[in-house]
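Chemist: Sharing the feature lines straight out of Swiss-Prot:
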TRANSMEM  66-83  transmembrane segment
SITE      80  site 'Confers selective permeability to Ca(2+) ions'
TRANSMEM  94-114  transmembrane segment
TRANSMEM  148-168  transmembrane segment
TRANSMEM  192-212  transmembrane segment
């Protein structure tokens, strides 16, 4: 080691290669710069893939929890609701309640099925601490199904749940005091059901407006992020083209 440190050096030779010098030193610098750019781009692509993986896993978890909760509530509501046998319910009300409950349970069970089938495979890959294991995850190929489960669980499923609550209020409160005032729409039960409907309609409208606004904001964010990525790729291309022209000059 001491012999290596005591080797005399030519003062005319540079201590380290600089990009301004011609010859092999300049080519080595260009090659090293090219490898650094390619490596950084490769890591950026892997980071984007892992970000998509974690986003898909979060969506599947939220979809499964929401679907299990709301479908269970709908089933309990249908089983536990007690119809007044002495009261003649309007036929459209019973048909609407039955159809809404069935569609609600079917939609949430379908979303739960998708989440249950895909989530274990995504979890298995996300728990492996290896950057190259991202290619084994099915989240890219199953992306349409993940978005479908997310939409069914959070958008369509919640709208059906709000309609279920309104119909349940009508079935529960409509027979109240109906015997004292037959054929009248001013008894206590009818007024209670009407109040629940009046409250739930603006809530549903607010939910729809918020969903549209959130979706547009999310699309705008993704568009801006993709534009930044395109600009970075363009800068990378310009740098690589400049290095290639420099090599041709050399």
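Including glycine, each Cβ sits where the backbone N, Cα and C put it.
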Chemist: Going through 66-83, 148-168, 192-212 one by one, which has the most CB pairs that fall under 8 Å from the transmembrane segment (94-114)?
Modeler: 148-168
Chemist: Tell me the Cβ neighbour count for residue 80 (site 'Confers selective permeability to Ca(2+) ions'), meaning other Cβ atoms within 10 Å of its Cβ, over all protein chains shown.
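Modeler: Other Cβ atoms found within 10 Å: 7.
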